[in-house]
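J.: Could you have a look at this structure, given as C-alpha cells, before my questions?
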C-alpha cells in the first residue's frame, strides 16, 4: 500500500502538539513525501539544517540561525537558494525565534512551507521523525479478526463462514479484547514489529452472522477493546473435507508454520474446524503454547528428547 503525507496534513496533525504557526509559503501545502523511495540515498525525513544532504523537513534552531547570520551577504543568499532549491516539505524554526526576512521572502516566493514552533529543536526532531517514520512505514490490510489474547496480538484468519466472528465473540466473553474485525491494518514500524490497528470506520464493531453488527464497547465495556497491538501470532481456521489424519510428527508438534507479512514471517497455527471442538479453548491454548515457545519451552521437543534418552538407556 503506497502512503504519502502532505505539508498540510503534517501541519494539521502536529500543530497542537508542537505549537506550530505557518508564517510563509502557504501555497506549498500540497508538497508531499512519498513512501518507498528507491533513491540511492534517501533523504532523512527530519533533521537539523543540512545544505549538503538536505532533510525533507529542515529544522532551524539557535545554532543554525546564528550560522546563517555569520555568512556574508553573497554566501547567505547562495545558502538560502540551496535550501529552497531542493524543495523540502517544510522549514521549521524552533523556540519561537524571529524568522529572517530574507528567508521568509524566499519561502513565500518559492511556495516553501515555513513554520515556527515554541518547542526546542530536539523536541521538533523527535516528534517529527517518529510521526513521519510511522506514517510512511510499509502497511498492509489483512482479512481476519485481530485480538489481544493473553496480552499478545493474535490474528484469527480463515475462509468465509469458518467461524472467525463467533470465535471472537466467545473470546470476548472470556475476557480477551478486540482490536479490529474484518480488515485490520498492519504497519511495519520496526524491522521486527508489525503494529495492528483498526480503520476508523470499523472502530469497536464486530459483525456476526445472524446477529449483524455489534458494538463491542457498548456490550462488553471499554476494557473489551484495544486501540492497537503488535502482531505476534496468526491462528488460521480451516474446514477439512474429511476427518484429518495427521502424521505422527504432526501429532507431536501440531500444525505449525509461518505466514509472510510485509518483511516478517509471523508464526502460524492451523486449527481444523469440526463439530464439537471448542475453538475458544484451542485458541487460548495455541496462544499459551506460542508464549512458551518464545521463552524456549517446547513440549514436543522435550517429549522427543525424553523418548530418545529412554531408547538409549534401553539399547543393549
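Even glycines carry a Cβ here, placed using N, Cα and C.
What Swiss-Prot shows for this protein is this:
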- 143: active site (ACT_SITE)
- 164: active site (ACT_SITE)
- 182: active site, proton acceptor (ACT_SITE)
- 251: active site (ACT_SITE)
- 158, 159, 160, 161, 162, 163, 164, 165: ATP binding site (BINDING)
- 165, 207: Mg(2+) binding site (BINDING)
- 272-277: region 'Important for the catalytic mechanism of dephosphorylation' (REGION)
J.: Which one is it: of the recorded positions 159, 182, 207, which Cβ has the fewest other Cβ atoms within 10 Å in this structure?
T.: 159
J.: Can you tell me the three-state DSSP label for residue 159 (ATP binding site)?
T.: coil
J.: In the region 'Important for the catalytic mechanism of dephosphorylation' (272-277), how many residues does DSSP call helix, how many strand, and how many coil?
T.: 0 helix, 1 strand, 5 coil
J.: Any idea what the Cα distance is from residue 159 (ATP binding site) over to residue 143 (active site), rounded to a whole Å?
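T.: Per the Cα atoms, residue 159 (ATP binding site) and residue 143 (active site) stand 9 Å apart.
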J.: What mean pLDDT score does the region 'Important for the catalytic mechanism of dephosphorylation' (272-277) have in the model?
T.: 86
J.: Using the recorded ATP site (158, 159, 160, 161, 162, 163, 164, 165) as reference, state which further residues of the same chain have their Cβ within 8 Å of the centre of those residues' Cβ atoms, listed in sequence order.
T.: 237, 273
J.: Count the other Cβ atoms sitting within 10 Å of the Cβ of residue 163 (ATP binding site), across every protein chain shown.
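T.: There are 17 of them.
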J.: Reduce the DSSP letter at residue 143 (active site) to three states and note it down.
T.: coil
J.: Of the recorded positions 143, 158, 160, 162, 164, which sits closest to residue 182 (active site, proton acceptor) by Cα distance?
T.: 143
J.: Which one is it, among the recorded positions 143, 160, 162, 163, 165, that lies nearest to residue 207 (Mg(2+) binding site) by Cα separation?
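T.: That would be 165, nearest by Cα distance.
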J.: Specify the count of other C-beta atoms within 10 Å of the C-beta of residue 143 (active site).
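T.: Result for residue 143 (active site): 13 other Cβ atoms within 10 Å.
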J.: Sorry to bug you, but what's the C-alpha spacing from residue 143 (active site) to residue 163 (ATP binding site), rounded to the closest Å?
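T.: Approximately 13 Å lies between the Cα of residue 163 (ATP binding site) and that of residue 143 (active site).
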J.: Have a look around residue 160 (ATP binding site) and count the other CB atoms within 10 A of its CB, chains all included.
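T.: Other Cβ atoms found within 10 Å: 7.
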J.: For residue 158 (ATP binding site), which residues of its chain lie six or more apart in sequence with Cβ-Cβ distance below 8 Å?
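T.: Listed in sequence order: 144, 164, 236, 237, 238, 273.
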